[in-house]
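Written out below as structure tokens is the structure these notes cover.
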Amino acid sequence: MLRQVLHRGLRTCFSRLGHFIASHPVFFASAPVLISILLGASFSRYQVEESVEHLLAPQHSLAKIERNLVNSLFPVNRSKHRLYSDLQTPGRYGRVIVTSYQKANMLDQHHTDLILKLHTAVTKIQVPRPGFNYTFAHICVLNNDKTCIVDDIVHVLEELKNARATNRTNFAITYPITHLKDGRAVYNGHQLGGVTVHSKDRVKSAEAIQLTYYLQSINSLNDMVAERWESSFCDTVKLFQKSNSKVKIYPYTSSSLREDFQKTSRVSERYLVTSLILVVTMAILCCSMQDCVRSKPWLGLLGLVTISLATLTAAGIINLTGGKYNSTFLGVPFVMLGHGLYGTFEMLSSWRKTREDQHVKERTAEVYADSMLSFSLTTAMYLVTFGIGASPFTNIEAARIFCCNSCIAILFNYLYVLSFYGSSLVFTGYIENNYQHSIFCRKVPKPDVLQEKPAWYRFLLTARFSEETAEGEEANTYESHLLVCFLKRYYCDWITNTYVKPFVVLFYLIYISFALMGYLQVSEGSDLSNIVATATQTIEYTTAHQKYFNNYSPVIGFYIYESIEYWNSSVQEDVLEYTKGFVRISWFESYLNYLRKLNVSTDLPKKNFTDMLRNSFLKTPQFSHFQEDIIFSKKYNDEVDVVASRMFLVAKTMETNREELYDLLETLRRLSVTSKVKFIVFNPSFVYMDRYASSLGAPLHNSCISALFLLFFSAFLVADSLINVWITLTVVSVEFGVIGFMTLWKVELDCISVLCLIYGINYTIDNCAPLLSTFVLGKDFTRTKWVKNALEVHGVAILQSYLCYIVGLFPLAAVPSNLTCTLFRCLFLIAFVTFFHCFAILPVILTFLPPSKKKRKEKKNPENREEIECVEMVDIDSTRVVDQITTV
């Protein structure tokens, strides 16, 4: 009873609102336009988000805390050349991979000379500034001896060249650790790629060589010069490529990921314009019919104008509040399109059900009462699900900003549909009531006048006048609409046919089977190359890197951040045990080996251990570089202690798998908690992958929970709680299918796909809720009858919005970008699976599942008695008289 009272009360409120808007259409049409123009003017403050880490790395993670601790001990910007990472290296740098088209050995004489020539060209790059020309020597990261840090492979190649010049045959390169001329042991696993080795790790050949040039960015001027140097670096490498066509060179800089991420927006522009044109065309066609008076092409266009105004308003608010644009915002218009188009088409469908002899204000009031309640509830669902995604619970900033922008856009879209589109409906209603042409707004002449006109004129001005319509045919004036005719005359009977139902059930079982197969293979995508445009430096570099340099993980820093008893043999065993199984670049292990070579016990007293470390080991040229890895402190009694130190570890991997690397990170962290030695591990790439899985799933998880809560509480607003049960089951079925087929279509669960899945919850409710509501609330007739009725009432609006949405999505598939490719595949699957449920699964399943539609037996009473009438029927052929008993 309470539900019915609330339901009727809300319908009455919307009816009065519709009547009020119909009474003041000019104001409600102009106000949204003025607001959009005023807020849209804020595009003069348009800004683009520069930091990819800010957008895509989890905001709250242990890796960021570890980075701060590491920075306080050993500044990452100074040690980034030793903490190698592919795409996540901090600061400014230029990087290049050199390979050969014929898979030649890059260590032979020709290619060695070529690479050294490229190195010389890079170091001579000049960045002109007023009064001074900066070269690499001026902006490079410096060693302790004030020389530029250059990759060790350059020294190896120079030694190799000198050995060939002097005919020395005893020079050998080992892999992944080799020794330089001065005796230093260095790691070259990320500098030599595609390596073939002899016995004892001696390198036979290498198919690729990677060089990295690290730059300073300690102040704004330095950063600006470094940025320009990176640009000149790419130009120099490309020129070198043109003059040496037998080698393939892949340049990459610290700016490449950011530029290629934002490049998606630029390459998408013409495709989005094409999409807009297609949607406008389809919307106009969907609202058109042969009857030139009742056709509503302008409403199709104005529906898109409504969505555009709402999007513009939301963008203006984001700009005014200091928000910055990023390429993930490309999905917002499609979120708006899916929600806004259905709302406008549902209003138009409700308009067609009103009586033509009513006044426009009364018809508008009926439209609002009929369609705005369900549209308001679905809008509330959008606001709740995206609102939870926009909350601080969302740990990935790109997802939070997207949800926040979508919330604002959805809210204004709802308000503008109520006001702008509603007033547009009023204006077209007056045009219809005055029998004016729906496009040209010219009075349509009566049929007797049209008979005297040419055929083309009669075709353009075909209309059905009320005088031609019989009293009982009033409701059928819109049946000449193609989609209405198709659903009512053909599709509804076909889908509910007894012989069709088994095939639909079979298709659904196949759908569930394939969805389950994909669901069991879901993988999380934390690869940053999945969000950039294709045919870019990032994609080319990443492809080459994965091909040639996938044998070892990024270099992991192993930091002991408190003073421990390094001289104690048990502590030594613990430290060696923790690092066992890794390729190690360790001062500690080198020092212990140094002591053994001197026939000195490693179990020395503290003072002797420390003094020999400082005064002997670190003064030896081949070990002097380890001074950067140890922090000493003097106590009050002049006793020296090692307060912190670091080592570098590299894991052997079959391929650079981020999930495998994350598992390694978690294993080392668990070990650090239980071990006697307090240490942390860090690599710049950990900032992106730490808690990425939980951060990624949190918005979807929270949105699903909030959607369930909203469906539960909205059960008091709908006339029957069974509606919400059916909606929940439908959403689960759709989301399960989308996730499964998304995986089979090689789409990983990343930031973009999670946002699409949140949208999929709302899109499903948008389209399925009216169908289910009409079916559940239907009484007296059979299930089949109410399934047909639900399709006839709401199917046209669903079909119209689906057609417009799909034609708008297709150009997105052609955009040369991984981000838009993910966006297209997810949105297409959401639309297709939802359509499949609306027009196939639900119409069939509802015909044999609850609620029951059996006619309740009426109590016998004096006012409701059956009257029996005898009717005599004469059989003409046999002249027999037949008595037939009929019930009246």
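Using the three backbone atoms N, Cα and C, a Cβ is placed for every residue, glycine included.
Marked as domain 'SSD' by Swiss-Prot on the basis of sequence analysis: 268-427. For N77, N133, N167, N319, N326, N568, N599, N608, N762, N818, the entry in Swiss-Prot reads N-linked glycosylation site. Here Swiss-Prot flags 20-40, 273-293, 298-318, 328-348, 373-393, 407-427, 502-522, 707-727, 738-758, 795-815, 826-846 as transmembrane segment.
Structural mapping of features recorded in Swiss-Prot.
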residue : record                      : contacts (Cβ under 8 Å, 6+ apart)
N77     : N-linked glycosylation site : P90, G91, V141, S217
N133    : N-linked glycosylation site : Q126, V127
N167    : N-linked glycosylation site : none
N319    : N-linked glycosylation site : S42, F43, R45, Y46, Q47
N326    : N-linked glycosylation site : V48, E49, L55, F261, Q262, A398, I401
N568    : N-linked glycosylation site : D603
N599    : N-linked glycosylation site : none
N608    : N-linked glycosylation site : W567
N762    : N-linked glycosylation site : H339, T378, M381, Y382, T385, F386, A707
N818    : N-linked glycosylation site : S529, N530, I531, V532, A533, T534, I539
Practice problem: Sort N568 (N-linked glycosylation site) into helix, strand or coil using the DSSP assignment. | Solution: coil
Quiz item: If you average pLDDT over the domain 'SSD' (268-427), what do you get?
Solution: 90
Self-check item: Residues of the parent chain within Cβ reach of the transmembrane segment (373-393), under 8 Å, 6 or more residues beyond its termini
Solution: 7, 10-11, 14, 339, 343, 346-347, 399-404, 406-407, 410-411, 413-414, 417, 698-699, 702-703, 705-707, 710, 714, 717-718, 755, 758, 761-762, 765-766, 769-770, 773
Quiz item: Taking the transmembrane segment (298-318) as the reference, which of 20-40, 407-427, 795-815, 826-846 gives the largest number of Cβ pairs under 8 angstroms?
Solution: 407-427
Quiz prompt | the transmembrane segment (273-293) touching the transmembrane segment (795-815) per 3+ Cβ pairs under 8 Å rule | solution = yes
